[in-house]
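Notes follow once the structure below has been shown.
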Amino acid sequence: MEDFVRQCFNPMIVELAEKAMKEYGEDPRIETNKFAAICTHMEVSFMYSDFHFINERGESIIVESGDPNALLKHRFEIIEGRDRAMAWTVVNSICNTTGVGKPKFLPDLYDYKEDRFIEIGVTRREVHIYYLEKANKIKSEETHIHIFSFTGEEMATKADYTLDEESRARIKTRLFTIRQEMASRGLWDSFASPREAKRQLKKDLKSQGQCAGLPTKVSHRISPVLKTLGHMWMDSSRTATLRASFLKCPKK
């Protein structure tokens, strides 16, 4: 699974996921299913915000090619992927600027058009069950919840799906592709089933063997939204701008 993750996801997403796990004392080389889940959640969060802007009239528009006009504002503020201290700094700044209530838990995005925080969920189970779990945990009407599944289902607060159908279809297609690629490599069952995942983890801990090598050819899709946010994720010793691409899993 670890090799699959490193081949299937953009290197910057992989790096952010590794940092997030290490922040909580977790090892991505051992908890590989969780590693895959975090990478998937990050990519969905980034895809959710990608290409969406607000024009000078306050209208939400989509810009898919080239650099957006300077008058355009990113519709979504990305919170997911930042270290906790920076993430809370961003949340506090948004709350102070907009007057929205501060969430109890860190959300994934902020929607400047609808003036609300968004919690993104990606589940291997039934969407309504996961939605209820999220809602019960958050217990806040100010945080909008949007759940996606690997089977193409989705569920959102008050059936308000925020994005246009095409943008959501792109996310669903990506999730379905990840599922198919995992299944073709015999990884899906352990990823989808907690019991099977626990059994596989024990097996991996005993063997510490490497997974079969995967093809290295990948295709890149540039994300203009994340280009401008790159420096927010960088360590102080790094000055390069973040350029995240959304990768399709390599073909067999």
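Cβ coordinates come from backbone N, Cα and C, glycine included.
Not measured: the values here are computed from a predicted model.
Look at Swiss-Prot and you will find Glu80, Asp108 tagged as active site, backed by similarity to another entry. For Arg195, Lys198, Arg199, the entry in Swiss-Prot reads site 'Important for efficient shutoff activity and nuclear localization', with the evidence type similarity to another entry. Annotation source Swiss-Prot lists site 'Important for efficient shutoff activity' at Lys202, Lys203, Lys206, citing similarity to another entry.
Other Cβ atoms within 10 Å of the Cβ of Asp108 (active site) number 25 in total over all chains. Neighbour count (other Cβ atoms within 10 Å of the Cβ, all protein chains): 23 for Glu80 (active site). Asp108 (active site) sits 5 Å from Glu80 (active site), taking the CA atoms of both as reference points. In the three-state DSSP assignment, the secondary structure recorded for Glu80 (active site) is coil.
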